[in-house]
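Worksheet: one structure, shown below.
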Amino acid sequence: MGRKMRGAAAAAGLWLLALSSLLTLWGGLLPPRTELPASRPPEDRLPPHPIQSGGPAPEPRFPLPPPLVWDARGGSLKTFRALLTLAAGADNPPRRHQDDRGRHEPSGLSWPEERRAVHGGVFWSRGLEEQVPRGFSEAQAAAWLEVARGARVVALDRGGCGRSSNRLARFADGTRACVRYGINPEQIQGEALSYYLARLLGLQRHVPPLALARVEARGAQWVQVQEELRTAHWTEGSVVSLTRWLPNLTDVVVPEPWRSEDGRLRPLRDAGGELTNLSQAELVDLVQWTDLILFDYLTANFDRLVSNLFSLQWDPRVMHRATSNLHRGPGGALVFLDNEAGLVHGYRVAGMWDKYNEPLLQSVCVFRERTARRVLELHRGQDAAARLLRLYSRHEPRFPELAELSEPHAQLLQRRLDFLAKHILHCKAKYGRRPGDLITLRGREGLGYE
């Protein structure tokens, strides 16, 4: 009996040995195991802070270009050409399908790369842009136009709205508004054009919604403040601007990169490491400041940061004090106030102030990607003034009551956009990751902001 059991055990051992050899042979014929890359969060859903366990990533505030495709060596298979190409409907939220709910598309970028303040060498990161306060929305702008046009003014008070000729108005429903009366009509024209240029560039979150009104002492809107109108010495029939009065605004001091006592600006760029040690709040502030500098260059506004630069010649500490016509709202958004020096009056005296405006612009080599796209599109279209006036006339019924942008000023607006576009390309060539890449834009389809 024992002999039979030993024989059975030996036979079983031989079978196991044969099976092991067969499995080894099969394993040698299979292709080597392919390691899947570690899953990474998509770049366009990067949260500003590490997400707590189980917390979903916030949706991006603006539609973003699709993630870049990366090859095995870590290089992009798409060039900067694709990065700044405007896809159809680029400003509309992407449609979500049921099949996409659980889909995860890794961006191919490592975590340290995605958490940088700048991507592509010259663009603020998308995660950082998500932290910029919302400011004024399109819905607020539309609501204000409706309120201001139908409002009855019941009081006009001095103070609280800038220049002494302006007034703080109170409407019958209790709403307060700043009424700006220009020393000459071109100031109100410049204020209105600057507002609609901000909308054309996607910067309306920083500029208070504006409506125009005609001063008519016996008209329904002004009949209850006839005495105040006489005291203000406003000319009958003048066009004024109405913007909602904003409470709880605070002063704003120029951030460190431009706080120079020797009159020399420090270029703001990522390559030199100027952004390395800044806090997230400081970086969010810089995102807004770079938009402001681009906006003031395009409008030739000399009554904000440029006036500080001019004053450095006799006041070396001016950059450490509040900036004119710039405030911060309770939510943290910068508010670009009193833009009446822009476009019209600013263009008339541009030759005097561009020695400050151009170096200020050239001190910036990091941009909001959305703003850069629109600048480059307007540069390519060569019809910026036509688009501006089309947008203006579509939303403002009193548009015909103020002079349009003159042809010389329309040409100057286009030249300034061209100069800005070339500056963006120069920064990309100098500081971008792929200096040889080109930038092209499609036609005018899919802009969605006129």
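Cβ atoms here come from the backbone N, Cα and C positions, even for glycine.
Over in Swiss-Prot, the protein carries these features:
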type	residues	note
SIGNAL	1-28	signal peptide
REGION	36-61	region 'Disordered'
REGION	88-111	region 'Disordered'
COMPBIAS	93-111	compositional bias 'Basic and acidic residues'
CARBOHYD	N248	N-linked glycosylation site
CARBOHYD	N277	N-linked glycosylation site
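Recorded residues N277 (N-linked glycosylation site) and N248 (N-linked glycosylation site) have their alpha carbons 30 Å apart, per Cα-Cα distance. Other Cβ atoms within 10 Å of the Cβ of N248 (N-linked glycosylation site) number 9 in total over all chains. In the structure as shown, the Cβ atom of N277 (N-linked glycosylation site) sits within 10 Å of 7 other Cβ atoms.
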